[in-house]
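**Q** Once you've had a glance at the structure underneath, I'll fire off some questions.
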Amino acid sequence: MAQDSPHVSFRDIPNNTNEKWWKDASLRLNVLYCFGCMMCPFYLGYDQSLLTGLQALPQWNEHFDSPHGTRLGLIAACIFLPGVIFGFPAAWICTHWGRKWCVIIGAAFIVVGAIWNGLAPDLEHFMVSRVILGIGGSITKVGAPALLQESAHPRIRSEMGHMYYGFYYVGSLVSAIMCIIGLYIPSSWGWRVPCLGQIIGPVIVLLIIIKAPESPRYMIKKGMHDKALYTLAKYHANGDTNDALVKWEMREIEQTIEEESQGNKSSYLDFLKTRGNRKRLWISLSISVGINWVGNGIVSYYLSPVLKSVGVTKPSHLLSINAGLSVWNLIIAEAAALKIDDYGIRPLFLTSTIGMIISYAFVMGFSAGFAETGTSALGIAAIPFLFTFFGSYSLAWTPLNYSYTTTIMPFNLRAKGLALYLVVQNMANAFNQFVNPIALQAITWKYYAVYIAIDIAYAIGIYLWFPETKQLTIEEISLVFDFPGKDGRKMAAAALANRMREGGNTDRESDSVKADMNHVESK
């Protein structure tokens, strides 16, 4: 039987679903609930484009006295500050109440924050509302990737997971359109309407996820095996509990969670105890810092001052370029997400990062030329390279940052790993967003050299340390880090197959391998 093959793949196992998900009832529901998770980054993409748009809106600048420098940096940074703290309670909610409730609670906070933001009477209320948005976003960013990756049918899991963060640009595009509309609305409602539009994403999340099932892996961890089987059958095989793929998934999940749960209760310190866990931690935290430190942060949140530095000053032009970048980024990110399993994670990460280095070098050169000569043609020439920079970024850093981090973690460390990822990401982002407008105002185009150097360092790190995980199941991916070397992928797949066939008996594994497989999490 296929299940007994040492290198069995879910692709080899019969399944009671149509090959095309849109022609299958259970897969359509599965995709719908995945879509609910994928709408969670909407709020952050909306916020990025919103802050860029607000800086171009005369109504907002008049109401808040044209914030710049330190004050503008604080406005941008305060949405990230809650993540420094709330990643840990989010992990607790995710582990004890479930992935689903983590998403629901976070989305509810975002709705409250968005309404408060749009009705803010002064700058203090505006900033507090952004903190509320940050609290909700921090909670959803722990629960949503885990729920999506653990619930998606294995045939579509990779694509759904990689498309997750691309919906950041759906929010960005909607926000850009709302800001263009706001430009033609008189009075303070010209900026309030775009701010209130931030509720669109979390409301959709709530309407979908409230009806979604809990993660089958979470159910099995909590001892609800029958309920997990029913859920897998309903959404992966049109209700057939005897489906071969459903049985294979149950065995794979049960054996993996049983292995990971062996040993004493532990803490976040487990990430430091084994070679595999240390590598997981190192890679996930390097991505969490890089997601906003490879140069995109300055262009995303401060596009208006960046464009003004090269001579683009009309609000309608600023907002149009902002909208164009959103469309461009969305197309590149989602197209790349659908092809990651074909081209591989390492090649895309390297191509993406090298492309950013080249693009930023041109932006820096043209910006310097405009600053020195005032020649408008040089300033305009920098704009296409902003598009190539973001296209390069969206090729890998957008679709892979959460999907790669989520899948490299074993189940029992997944929530904790995402919490650490979120905490470090928000610390780095808050500092980055606070410093960017100050540095940009002080040294203008010379600041781009800092990000070119950072991108070069990341390209080297990706080449040396990031393992390939394409076309593996989520359980196989989590094992790749325990088997170093170029044959790690094959060894991980074989180890998982042996584990399933032996019913969890790992006595014949070497002591060193067993040590690296000791991924445990306190209940």
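Note that Cβ sites are derived from N, Cα and C of the backbone, with glycine treated the same way.
Small disclaimer: the values here were computed from a predicted structure and weren't measured.
According to TrEMBL:
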TRANSMEM  27-46  transmembrane segment
DOMAIN    33-470  domain 'Major facilitator superfamily (MFS) profile'
TRANSMEM  72-94  transmembrane segment
TRANSMEM  101-119  transmembrane segment
TRANSMEM  125-144  transmembrane segment
TRANSMEM  165-185  transmembrane segment
TRANSMEM  191-212  transmembrane segment
TRANSMEM  281-304  transmembrane segment
TRANSMEM  348-371  transmembrane segment
TRANSMEM  377-397  transmembrane segment
TRANSMEM  418-435  transmembrane segment
TRANSMEM  447-466  transmembrane segment
REGION    500-523  region 'Disordered'
**Q** If you count every Cβ pair below 8 Å, which range out of 27-46, 191-212, 377-397, 447-466 shares the most with the transmembrane segment (165-185)?
**A** 27-46
**Q** Can you say which of 27-46, 418-435, 447-466 has the most Cβ pairs under 8 Å with the transmembrane segment (125-144)?
**A** 27-46
**Q** Do the transmembrane segment (191-212) and the transmembrane segment (377-397) share at least 3 Cβ pairs closer than 8 Å, excluding pairs fewer than 6 residues apart in sequence?
**A** no
**Q** Before we move on, state whether the transmembrane segment (72-94) and the transmembrane segment (447-466) share at least 3 Cβ pairs under 8 Å, counting only pairs 6 or more apart in sequence.
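**A** They are not in contact.
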**Q** Check the transmembrane segment (27-46) against each of 101-119, 348-371, 418-435 and return whichever range has the most CB pairs under 8 Å.
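**A** Top-ranked stretch among 101-119, 348-371, 418-435: 101-119.
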**Q** Taking all residues of the domain 'Major facilitator superfamily (MFS) profile' (33-470) together, what is their mean pLDDT?
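**A** Its mean pLDDT is 89.
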**Q** In the same chain, which residue numbers or ranges, 6 or more beyond the ends of the transmembrane segment (377-397), come under 8 angstroms Cβ to Cβ?
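**A** For the transmembrane segment (377-397), the nonlocal Cβ contacts are 166, 169, 290-291, 294-296, 299, 306-307, 309-312, 321, 324-325, 328-329, 332-333, 336, 345, 348-349, 351-356, 358-360, 362-363, 366-367, 369-370.
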